[in-house]
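Colleague: This is the structure I have questions about; it appears just below.
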Amino acid sequence: MTTRTHCLERDAQDALAPLRDQFDLPAGVIYLDGNSLGARPKTALVRAQHVIAQEWGYDLIRSWNSAGWFDLPKRLGDRLAPLIGGLDGEVVVTDTTSVNLFKALAAALHMQSVETGRRVIVTERANFPTDIYMAEGLTKWLDRGYSIKLIDSPDELPAVIGADTAVVMLTHVNYRTGYQYDMQATSALAHAAGALIVWDLAHSAGAVPVDLNADGADLAVGCTYKYLNGGPGAPAFIWVPKKHQAAFQQPLSGWWGHAAPFAMAPHYTPTDGIGRALCGTQPIVSLAMVECGLDVHHQTSMAAIRAKSLALTDLFIELVEARCASHPLALVTPREHARRGSQVSFTHPHGYAVMAALIARGVIGDYREPAIMRFGFTPLYTSYADVWDAVEILRDILDRQDYNVDAKRDAVT
Ligand SMILES: *Cc1c(COP(=O)(O)O)cnc(C)c1O
């Protein structure tokens with residue numbers, strides 16, 4: 001049986017443990033919500049002060065060139081690319097995940113409907129809502145006979161992807177359950193039926209190894225404010241591989257994607273390469289923070305992060321099942337490593353109230369309908385002792401029924 005001493009021993013041997021010191025986390029908090037908003041790298045404060053005081057305040061408009069503001073989406077994209085199996089010139093950090101998904105879907109539909117007449121988007125009912133909503137908006141407003149087919153389980157994909165499927169749009173790691181798709185096999189399945197595949201990496205980038213080029217993905221988008229620690233609302237990313245860049249055309253044809261933005265021409269001509277995925281002027285202060293999270297990631301490897309992530313999630317599952325065995329908790333996250341992201345979700349009939357009680361005692365996770373308590377594990381700043389302590393607090397809350405089933409519904413985000 002694992003003890004707290006065992007956990008402390010594992011922390012002492014953990015090669016990633018020193019990285020925790022690069023984050024500012026409040027005392028008395030065990031932060032298990034880095035899957036929703038990553039913790040703040042210490043350098044972000046210094047960087048923000050520099051961008052605001054020096055680049056904006058003193059250098060003013062000259063900073064578009066002298067501070068590299070124009071190139072920032074591409075420069076950060078090149079730094080992010082190795083974490084997801086992309087190449088230089090295949091990623092830009094820009095806009096939001098929702099907006100990038102709109103561009104990627106529209107581009108994929110255009111590539112398909114021009115050549116093959118295919119017009120159906122296949123996705124999951126259990127997808128993060130904005131992904132479905134953006135597809136709905138696109139099919140409604142770019143009214144070209146596009147439609148959406150929702151599946152209820154990954155098992156349905158082989159039967160549902162067919163001759164009318166233009167694009168399969170899936171989230172690699174499910175936000176609610178932590179289920180992880182086999183990217184290579186699923187991409188191959190789509191291709192075998194003549195469809196393209198767009199992956200949402202919101203819960204993957206910086207959390208699990210991703211190899212977009214090797215796994216045959218077509219397009220991808222994702223967040224920087226979750227496991228990449230870019231800051232609240234930090235710009236997202238979009239990946240367009242070299243093989244698709246010439247055919248990639250998207251409807252948000254703003255001047256940042258123009259071949260000659262300062263020619264001020266009255267018509268749009270997309271630039272070559274990944275730049276055509278850009279739209280307009282970027283939130284530079286927020287964008288600059290993304291680099292601070294990437295700096296930490298580049299001090300280790302996705303393999304090391306993954307190994308610790310699986311160790312942390314295995315430990316959490318083991319301890320909850322052993323120490324809270326008398327309570328009605330049910331694991332919804334896959335036990336199989338290959339199918340598990342970097343989170344663990346348990347249902348409890350009073351999940352909302354229990355999570356509110358956990359947060360009141362400094363264990364910050366979150367809650368998702370229906371009845372799901374979600375715990376994110378970020379190997380850069382979560383220790384094995386944190387896992388032990390979080391489970392002990394959970395056990396204590398459950399044993400003493402120290403939660404309020406009438407908890408107000410704004411205690412948990
Ligand atoms: C977090 C998340 C988003 C967030 O999109 P925003 O545009 O940043 O609000 C989108 N899709 C998935 C799958 C997510 O997990």
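Backbone N, Cα and C define each Cβ position, glycine as well.
Not my notes, these are from TrEMBL:
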type	residues	note
BINDING	Thr97, Ser98, Phe128, Pro129, Thr130, Asp131, Thr171, Asp200, His203, Tyr225, Trp255, Thr281	pyridoxal 5'-phosphate binding site
MOD_RES	Lys226	N6-(pyridoxal phosphate)lysine
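Describe the structural context of these features.
Modeller: Using a 10 Å Cβ-Cβ cutoff, Phe128 (pyridoxal 5'-phosphate binding site) registers 18 neighbours.
Cβ neighbour count for Lys226 (N6-(pyridoxal phosphate)lysine) (all protein chains, 10 Å cutoff from its Cβ): 29.
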Colleague: If I restrict to non-local contacts, at least six residues apart, and a C-beta distance under 8 angstroms, what lies near Thr97 (pyridoxal 5'-phosphate binding site) in its own chain?
Modeller: Thr130, Asp200, Ala202, Val221, Gly222, Cys223, Ala236
Colleague: I need the least crowded one of these binding-site residues (Thr130, Thr171), counting other C-beta atoms within 10 angstroms of each C-beta.
Modeller: Thr130
Colleague: Among Thr97, Thr171, Trp255, which binding-site residues lie by ligand 1, judged by Cβ under 6 Å to any atom?
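Modeller: What lies within reach of ligand 1, judged by Cβ under 6 Å, is Thr97, Thr171.
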